[in-house]
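Enquirer: Below are the structure tokens for one structure; questions will follow.
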Amino acid sequence: MRSIDRPGGQAARPTIGSVAGASNTRTRDARSLPDTPPLKAAAENFSFYYGQFQALKSITLPVYEKHVTALIGPSGCGKSTLLRACNRMHDLSPGNRYEGAIRLLPDNTNLLDPAVDPIEVRMRIGMVFQKPNPFPKSIYENVAYGLRIRGEKSRSVLDDRVEEALKGAALWAEVAHRLNEPAFALSGGQQQRLCIARCLATDPEVLLFDEPTSALDPIATASIEELIDQLRQKVTILIVTHNMQQAARVSDFTAYMYLGELIEFGQTRQLFVNPVRRETEDYITGRFG
């Protein structure tokens, strides 16, 4: 099993500026990060199998509270597989198998424990996918959906939570007058923010983003990135992205994965500018991947 570099790092390889230099004023290297922020979740010696194929190999990864952690690496390296394991999406397909644990703190719940209800896991850990996936319902009912599953029936409570979630997703001003319209009437960027609001309505502790801007235009992408920057004040975020400039812009910490293994983990600025592992350097400079 490969070791993980804790925040703070080790002796560095030659400087790399191409990716880090592309980041804007919101880049997380401008923030003063504590040496060891509090943990919100952690993968512990976690392996995953699609049938007989081992897709993830003994992953140990810290996820820090109210920070953004980016997962980068070439296609097929296991980024999305790891992300989906965090809220039990793999349970929906037969033949999949876990080893190890993914824990949510502070109660230290092993999210993979069969005794833990996957629906409750998905309430605590929301997920936003590559392409916007609003339900064939009204804007209002999309946001209220998770609350209704939880048994909420009070209209006043639902109204308040829907408004709060839409404001949290920076969408309220655009849809307040059209809550009963179909969600599919929204633009692609608005639909993605609606999906974020749907997650926020259940007050999640962690948000998972699986390439959330890959299907969006540059303006909508900038809007989602700005929203992620705001959301980190309230929730912990884990994001998969193929866009290394995006990882540099939005994340505090970055993990580089390859062939199902975690190769390197550290503060984003450090990993992009002074990676410890040669494999990481080759990937972020375009010599591989």
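Cβ atoms are placed via backbone N, Cα and C, with glycine included.
Not my notes, these are from Swiss-Prot:
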type    : residues                                               : note
REGION  : 1-37                                                   : region 'Disordered'
DOMAIN  : 41-284                                                 : domain 'ABC transporter'
BINDING : Gly73, Pro74, Ser75, Gly76, Cys77, Gly78, Lys79, Ser80 : ATP binding site
Enquirer: Does DSSP put Cys77 (ATP binding site) in a helix, in a strand, or in coil?
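Expert: Where Cys77 (ATP binding site) sits, the three-state DSSP reduction gives coil.
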Enquirer: Please determine which of the binding-site residues listed here (Ser75, Ser80) has the lowest count of neighbouring CB atoms within 10 Å.
Expert: Ser75
Enquirer: Are there any residues in the same chain, six or more apart in sequence, whose C-beta is under 8 angstroms from the C-beta of Gly76 (ATP binding site), and if so which?
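Expert: Listed in sequence order, they are Leu259.
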Enquirer: So around the ATP site, Gly73, Pro74, Ser75, Gly76, Cys77, Gly78, Lys79, Ser80 aside, which residues have their CB within 8 A of the centroid of those CB atoms?
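Expert: For the ATP site, the extra neighbours are Thr81, Met257, Tyr258.
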Enquirer: What are the non-local neighbours of Gly78 (ATP binding site), defined as same-chain residues 6+ apart in sequence with CB under 8 A from its CB?
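Expert: Correct list: Phe48, Ala55, Leu56, Ile59, Met257, Leu259, Gly260, Glu261.
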Enquirer: Measure from the Cβ of Gly73 (ATP binding site) and count the other Cβ atoms within 10 Å, all protein chains considered.
Expert: 23
